[in-house]
């Protein structure tokens, strides 16, 4: 007698099967994320082998010496003398000009270096100290900061972004998370500035990225604390403040008890500020001394060649000669507010996670283009939210990365990091154009628009070569710097107009498809 056949198992329901896949809930597989992180770390290590800002350039050297000097000061002096001119702290020689959290970071790293190489951070006698051992230790401080702050924040953001599906389809979530993680971690400008030039932007940007992940994952109190810490590490993090404020305010206003929600966020911000500033709150003078170091108005509306409005237009309008300090500050403040106001209003009116990411870019771009005393390295701030939008706006991000790097080209050449510049840029675009990457989402651009867009790219290629091979006229020694700034500025204006437009179009799109806001 034949055995009865067992009923054949029916094919699993696709939606039920998808729910068991590792990306739903959308957390990337650990081994792959680890490999991408290790590759990003290796790139940083290779860049850090090269020169750094001010290497061998006495008497003040450069940013490397500034960071080392701050470790020396915070290690040997009490907090009351960190921001005050004394016999042991000459503010004219790389005086500390970042908020208290940055000083605590210098103290921590100073103690680590002091335990291994005390002569590298000895009070007074260590000025300009350069040795192979000190370089390795200093480079290690940046690498460890990146690993401890920026990398975990990037992974948290990726998890929150994929879980929420911020403006992307399920297929994009499944196939694009690896590419997006690589775009965030292998950021050429950040790698060259932190691990080549030598700074600690990875900490403030990492804290900001953690705050963004907190917003996307609805941990808003955590987000408020992290963003407050970012501001207290580098005051330039305020570039993102209008976006955070408008988005969180817009959410609070749409909830049942808006006043209570706002008060909770306010207490978290004030409590975090009080905790960080506690050593300087014993007197009004002590707090004022710190604040006065954070706003270098005496340097003028711009210092080096930077691709923003004031520097780019100074070829035709001599702002420093025509206007005194006070009207320049007022003009700068007004222009900055007007630039971020549309983005601000949109998020208060219709807060959304995708709108928040656009708002972060628009807000930071407004400060970069119009605020007072901007450094060329500040382009890192709008680059952060641009990288977070890479899956949604791949063409925009690739274009932005190229011209952001180009805007820093004179700085890179001064630091003798040209080889690293070419290598990191080439590697980035190799990954950017990798099979399966999101660069394939082509924009519909007319032939005329393509010709117009190709002109600045061709100009940039010519200026890359000209800057190295041809001496500028003696009458105009910074001619090529000014041309690089002007070309980059023109592209930044186009990009910020585009992202402002895209943010405002979100309202129209949401109404047409009836999207429910994530509050």
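Backbone N, Cα and C atoms are what each Cβ position is placed from, and that goes for glycine too.
These come from TrEMBL:
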| type | residues | note |
| --- | --- | --- |
| COMPBIAS | 9-22 | compositional bias 'Low complexity' |
| REGION | 1-23 | region 'Disordered' |
| TRANSMEM | 136-161 | transmembrane segment |
| TRANSMEM | 176-193 | transmembrane segment |
| TRANSMEM | 200-216 | transmembrane segment |
| TRANSMEM | 265-285 | transmembrane segment |
| TRANSMEM | 330-348 | transmembrane segment |
| TRANSMEM | 354-375 | transmembrane segment |
| TRANSMEM | 418-435 | transmembrane segment |
| TRANSMEM | 447-470 | transmembrane segment |
| TRANSMEM | 476-498 | transmembrane segment |
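When Cβ distances are compared across the two stretches, the transmembrane segment (200-216) makes no contact with the transmembrane segment (447-470), since fewer than 3 pairs at least 6 residues apart fall below 8 angstroms. Tertiary neighbourhood of the transmembrane segment (476-498): same-chain residues 305-309, 311-312, 315, 339, 361-362, 365-366, 368-369, 396, 399-400, 403-404, 406-407, 409-410, 456, 459-460, 463, 466-467, 470, selected by CB-CB distance under 8 Å and a gap of 6+ residues from either end. The stretch with the most CB contacts under 8 Å to the transmembrane segment (176-193), chosen from 265-285, 354-375, 418-435, is 418-435.
For the transmembrane segment (418-435), the residues of the chain that approach it from at least six positions outside its boundaries are 43, 46-47, 50, 179, 182-183, 186, 188, 191-192, 196, 394, 398, 401-402, 405, 409, 412, 468, judged by C-beta separation under 8 angstroms.
Remote same-chain partners of the transmembrane segment (354-375), defined as residues 6 or more beyond its termini with a Cβ less than 8 Å from a stretch Cβ, comprise 166-167, 212, 215-216, 236, 238-244, 246-247, 296-297, 299-304, 306, 308-310, 328-329, 332-333, 335-336, 339-340, 342-344, 346-347, 381-382, 384-386, 388-389, 392, 489, 492-493, 495-496, 499-500, 502-503, 506.
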